[in-house]
Amino acid sequence: METLQGLLLWLLLSMGGAQASREPLRPLCRPINATLAAEKEACPVCVTVNTTICAGYCPTMMRVLQAVLPPVPQVVCNYREVRFESIRLPGCPPGVDPMVSVPVALSCRCALCRRSTSDCGGPKDHPLTCDDPNLQASSSSKDPPPSPPSPSRLLEPAGTPFLPQ
C-alpha cells in the first residue's frame, strides 16, 4: 500500500502537479504609469499629471556577518533615460513662471540610489498629492494609472541636462 501511495505521489509530481512559476514573484524595475502632483506656491491651482516613473524590484543582498564585513551596497530602481515635459499651471499671477517640468521615464535600471534624482527612502519632503485638494485640477490626456504607487520623484528644471550614470 505504501509503495502504491509513493508511486502515485511520484507520478503527480513528475507530471507537473507542483511546478514553480517562471515569472518573478515581484515586478522587476521598469517604467510604470503614475500620477504626480505639480504645484507652485504662488499659483492657486495644483495639477495632477499622468507620467511614467521607474519602480519595481531590484535584487539585493545582505551579509550574514555584518559586524565583520563592510555592508553590501544596495541598489534601487533608478532612471536610466528620462526626458522632461513642461506643464503650464493655470491661474498663476503675473510675474510668476507658470511652467513646471515633469519627468517621463524612458528606461530604468537597478543602480545605487542617487539622492540628487531619486527618493531613496526616509522622510518625504514633497507630497505626492496636492497640498490643498480644493485647488486640484487635472491636466492629462492619458488614461490614469490603476493605482498611484509611491514613486521616486525627479522634479528638475527643464533646462537641467540629465546624464545617465
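Using N, Cα and C of the backbone, Cβ positions are placed for all residues, glycine too.
If you look up Swiss-Prot, you'll see 1-20 marked as signal peptide, on the strength of similarity to another entry.
Positions annotated as disulfide bond by Swiss-Prot, on the basis of similarity to another entry: Cys29-Cys77 (among others). Under the DSSP three-state reduction, Cys29 (disulfide bond) is assigned to coil, being neither helix nor strand.
Summarising the annotation, Swiss-Prot assigns N-linked glycosylation site to Asn33 (among others) and lists similarity to another entry as the type of evidence.
If you look up Swiss-Prot, you'll see Cys43-Cys92 (among others) marked as disulfide bond. When secondary structure is read from DSSP and collapsed to three states, Cys92 (disulfide bond) falls in the coil class. Counting only same-chain residues six or more apart in sequence, the Cβ atoms lying under 8 angstroms from the Cβ of Cys92 (disulfide bond) belong to Lys40, Ala42, Cys43, Pro44, Pro98.
The disulfide bond annotation in Swiss-Prot covers Cys46-Cys130 (among others).
Taking the Cβ of Asn50 (N-linked glycosylation site) as centre and 10 Å as the limit, one finds 18 other Cβ atoms among all the protein chains shown. Annotation source Swiss-Prot lists N-linked glycosylation site at Asn50 (among others), citing similarity to another entry.
Annotated disulfide bond per Swiss-Prot: Cys54-Cys108 (among others), in sequence order, evidence recorded as similarity to another entry. Take the CB of Cys108 (disulfide bond) and look out to 10 A: across all protein chains shown you find 24 other CB atoms. Secondary structure from DSSP puts Cys108 (disulfide bond) in a beta strand.
For Cys110 (disulfide bond), applying a Cβ distance below 8 Å and a minimum sequence separation of six or more within one chain yields Cys29, Cys58, Pro59, Val75, Val76, Cys77, Asn78. Marked as disulfide bond by Swiss-Prot: Cys58-Cys110 (among others).
Cys120 (disulfide bond) falls within neither a helix nor a strand when secondary structure is assigned with DSSP, and so counts as coil. Long-range C-beta contacts of Cys120 (disulfide bond), restricted to its own chain and to partners at least six residues apart, with a cutoff below 8 Å, comprise Val76, Cys113, Arg114. The disulfide bond feature in Swiss-Prot is assigned to Cys113-Cys120 (among others); the stated evidence is similarity to another entry.
Residues or ranges marked as region 'Disordered' in Swiss-Prot: 131-165.
Taken from Swiss-Prot, the feature O-linked glycosylation site covers Ser141 (among others), and the record attributes it to similarity to another entry.
Among the features that Swiss-Prot reports, O-linked glycosylation site is placed at Ser147 (among others).
Residues or ranges marked as O-linked glycosylation site in Swiss-Prot: Ser152 (among others).
Here the disulfide-bonded residues are Cys29, Cys43, Cys58, Cys77, and the one whose Cβ sees the fewest other Cβ atoms within 10 Å is Cys58.
Taking the C-alpha atom of Cys46 (disulfide bond) as reference, the shortest distance to any of the recorded positions Asn33, Cys54, Cys108 belongs to Asn33. Of all the disulfide-bonded residues listed here (Cys46, Cys54, Cys113), the one with the fewest other CB atoms within 10 A of its own CB is Cys113. Cys54 (disulfide bond) sits 9 Å from Asn33 (N-linked glycosylation site), counting Cα to Cα.
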